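Note sheet for the following structure.
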Amino acid sequence: MKRVAILISGGGSNMLALVRDMGQGAHPCTPVLVASNDPAAAGLARASALGIPTAAVDHRPFGRDRAAFEAALLEPILAARPDILCLAGFMRILTPAFIRRFEGRMLNIHPSLLPKYPGLHTHQRALDAGDTEAGCTVHEVTAELDAGPILGQARVPVLPGDTADTLAARVLVQEHRLYPAVLRRFALGETVPLMLA
Ligand code: GAR
């Protein structure tokens, strides 16, 4: 059984999708920790309600000292002894030193069809570019932002009249489908990317 820690910053809907899937029979993973850089993240209460240990390490007191923030964040993570780390709407950029520690076992979900639109405001950028499709990507985390090996993607159409919000909502539905499916495959050693329509 692979032990999975999930890092969140907000509502944690992707975290919930992962946890729910791990609760299904014959899953190769079990959730051991949900941690956040924001003590007020709604996802922390949701995880607690499901009986999953949680940790909050507020990044703000650390100012620009990312290394000190990460050292504090690392404490509960290491105590939980995860085999796999899943970033699920975790909105802090991690340093190469942190990433190196979990090399080959850290996943992220990003709301665009990478390599298009790394970084922020992905949906608005897709709309501004006149794209006819959008989607989400699960990838391995490497030191370069949103650029690690792609493990899976799901696509949605961009519809007439879409705003960044309506497009984000359509993509999010697919995120909840894609991330659990990719985590299962990753835990089983499957590295061929999963491409969902
Ligand atoms: C998701 O759409 C996720 O793809 C995105 O944040 C949202 C978190 O929602 N992640 C990023 O933008 C990472 N750069 P959630 O908290 O409900 O899972």
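Using N, Cα and C of the backbone, Cβ positions are placed for all residues, glycine too.
Here is what TrEMBL records for this protein:
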type: ACT_SITE; residues: H110; note: active site, proton donor
type: BINDING; residues: G12, S13, N14; note: N(1)-(5-phospho-beta-D-ribosyl)glycinamide binding site
type: BINDING; residues: R66, M91, R92, I93, L94, N108; note: (6R)-10-formyltetrahydrofolate binding site
type: DOMAIN; residues: 2-183; note: domain 'Formyl transferase N-terminal'
type: SITE; residues: D146; note: site 'Raises pKa of active site His'
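Here the features listed in TrEMBL are painted onto the structure.
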{"residue": "G12", "record": "N(1)-(5-phospho-beta-D-ribosyl)glycinamide binding site", "contacts (Cβ under 8 Å, 6+ apart)": "V34, A41, A42, G43, L44, R46, A47, A88, G89"}
{"residue": "S13", "record": "N(1)-(5-phospho-beta-D-ribosyl)glycinamide binding site", "contacts (Cβ under 8 Å, 6+ apart)": "G43, G89, L172, E175, H176"}
{"residue": "N14", "record": "N(1)-(5-phospho-beta-D-ribosyl)glycinamide binding site", "contacts (Cβ under 8 Å, 6+ apart)": "I8, A88, G89, I109, E175, H176, Y179"}
{"residue": "R66", "record": "(6R)-10-formyltetrahydrofolate binding site", "contacts (Cβ under 8 Å, 6+ apart)": "R92, I93, L94, T95"}
{"residue": "M91", "record": "(6R)-10-formyltetrahydrofolate binding site", "contacts (Cβ under 8 Å, 6+ apart)": "S9, G10, N37"}
{"residue": "N108", "record": "(6R)-10-formyltetrahydrofolate binding site", "contacts (Cβ under 8 Å, 6+ apart)": "C86, L87, F90, V138, H139, E140, V141, D146, G148"}
For the recorded positions R66, R92, I93, L94, D146, which sit with their CB under 6 angstroms from an atom of ligand 1? none
Are there any residues in the same chain, six or more apart in sequence, whose C-beta is under 8 angstroms from the C-beta of H110 (active site, proton donor), and if so which? P118, T122, C136, T137, V138, H139, D146
DSSP three-state assignment for S13 (N(1)-(5-phospho-beta-D-ribosyl)glycinamide binding site): helix
To test your reading of the N(1)-(5-phospho-beta-D-ribosyl)glycinamide site: which residues beyond G12, S13, N14, same chain only, put their Cβ within 8 Å of the Cβ centroid of those residues? I8, G10, G11, M15, L16, A17, G43, A88, G89, H176
So, three-state DSSP: helix, strand or coil for the residue listed as 'active site, proton donor'? strand
By Cβ count within 10 Å, point out the most packed of the binding-site residues listed: I93, L94. L94
